[in-house]
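In TrEMBL this protein carries:
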TRANSMEM  24-50  transmembrane segment
TRANSMEM  62-86  transmembrane segment
TRANSMEM  120-142  transmembrane segment
TRANSMEM  154-177  transmembrane segment
TRANSMEM  189-214  transmembrane segment
TRANSMEM  234-258  transmembrane segment
TRANSMEM  270-291  transmembrane segment
Amino acid sequence: MSHADLNHDKIADVVGGLTTQFVILYPIASTLLTAFFYGLYVPIFGISIYLLGQGDFTARKLYMTCTILLFLISTCTVVVEVVGLIDGAMRQFTAVQTRDYMPYIRYLIHNDGKTATISILYFIPFLANIVSETMLIHRCYIIWGHSKRVGIPLIIFSLLGSVLGLFGGILAALALSENSVDKASLSEGILLIGAIVSTFLNMIVTALTAGRIWWVDRESKTFRGSLPDKKLQYAARIVTESGLIYPLMMTLNLIVVNSTGEDSPPPLDIYPSVVCAAGIAPSLIIIRGQVAKILDKLRPRHMEVNLGISEIRYTGGNEYQMEPLHWPPRNSLNELDREAEKVSPTVPLLHSPD
């Protein structure tokens with residue numbers, strides 16, 4: 001490709017974009033932010049895997065598998081992103097230093113390594129969303145008493161976001177390989193819609209899960225009077241605080257990416273941090289829930305909170321079992337209270353079986 005093959009205005013635009021902020025500050029800030037989130041994620045992942053390995057509960061293998069997959073996806077994202085940032089920064093710095101911009105322009109127009117790297121980064125959110133939403137929807141489905149009216153719409157929304165992400169990623173990869181502006185523009189729109197659907201779904205699932213726990217606490221206090229509400233409130237707080245990490249990071253990424261244009265690139269790339277957040281959020285729920293369960297075992301009467309396996313259970317001196325989180329209970333309240341009275345005259349118990 002010769003100089004004559006390129007539009008002089010395009011060359012001027014590329015050269016004008018090689019500013020200090022873009023060549024030096026952007027890769028440094030992006031790498032530091034990525035390293036911070038990944039460095040935070042590594043110990044959280046290790047602790048969550050250890051706690052899951054110590055447990056013996058329903059769906060342990062599912063949560064163990066999803067947790068490991070999210071960590072592998074995040075690790076792949078971090079490696080690909082950092083390698084891409086370093087490679088791009090070196091090419092930009094060389095172009096500025098030597099004032100020979102043609103190699104860098106050819107790299108921008110088409111480079112197999114760059115195309116492969118960016119294509120991987122387009123497909124990773126699709127995988128991360130599938131795994132993280134599997135954990136979230138499963139937990140919500142269990143806490144809602146295996147309600148299909150809750151589970152099926154959430155699965156449909158998840159599939160919609162996944163299909164949009166997959167199709168948008170394929171179209172973006174084709175746009176890169178063919179250097180097609182039209183396909184690139186279309187893929188950006190599809191990926192944006194997919195990201196919005198996924199963000200909305202994560203917020204809805206978090207609200208449904210925490211809201212169900214809050215409702216059970218409220219109804220229990222209303223009809224039974226003496227249920228220890230503080231621990232249910234703590235369970236709802238765990239779900240809310242940890243569950244909002246990922247959608248908030250996705251929202252921030254959407255704002256940063258779509259509030260800047262080609263002439264003013266974003267100050268840094270927070271995309272790898274978003275992928276790390278997809279793994280950090282469910283891992284924190286597992287850790288906080290399992291730690292609460294361990295601490296409660298030290299008390300004569302305790303409530304086990306095991307959000308890592310989508311179960312909430314209250315136990316007293318004797319074991320009393322009832323199906324989890326069905327409210328109003330299938331038995332009449334009077335009958336339920338009579339049964340609870342046999343176990344404890346003062347503390348009604350709710351225990352979800354494994």
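Using the three backbone atoms N, Cα and C, a Cβ is placed for every residue, glycine included.
Please treat TrEMBL annotations as automatic predictions, because they have not gone through curation.
The transmembrane segment (270-291) shares the most Cβ pairs under 8 Å with 234-258, out of the stretches 62-86, 120-142, 154-177, 189-214, 234-258. Outside the transmembrane segment (234-258), and at least 6 residues removed from its termini, the chain residues within Cβ reach (under 8 Å) are 132, 136, 192, 195-196, 198-200, 202-203, 205-206, 209-211, 213-214, 217, 266-267, 270-271, 273-274, 277-278, 280-282, 284-285, 288-289, 292, 305, 307, 312. Listed as Cβ neighbours of the transmembrane segment (189-214) (distance under 8 Å, sequence separation of 6 or more from its ends, same chain) are residues 122, 125, 129, 132-133, 136-137, 139-140, 143-144, 150, 154, 157-158, 160-165, 167-169, 171-172, 232-233, 235-237, 239-240, 243-244, 246-247, 250-251, 253-254, 258, 312, 325. For the transmembrane segment (62-86), the list of distant contacts is 27, 30-31, 34, 38, 41, 45, 48-49, 52-53, 114, 117-118, 120-121, 124, 127-128, 131-132, 134-135, 138, 269, 271-272, 275-276, 278-279, 282-283, 286, 308-309: same-chain residues at least six beyond its ends, Cβ to Cβ under 8 Å. Residues 59, 62-63, 66-67, 69-70, 73-74, 76-77, 80-81, 84, 150-151, 154-155, 158, 161-162, 165-166, 168-169, 172-173, 191, 195, 198, 201-202, 205-206, 208-209, 212, 243, 246, 271, 274-275, 278-279, 281-282, 285, 307, 310-311, 324 of the same chain sit 6 or more residues outside the transmembrane segment (120-142) yet have a Cβ under 8 Å from a Cβ within it.
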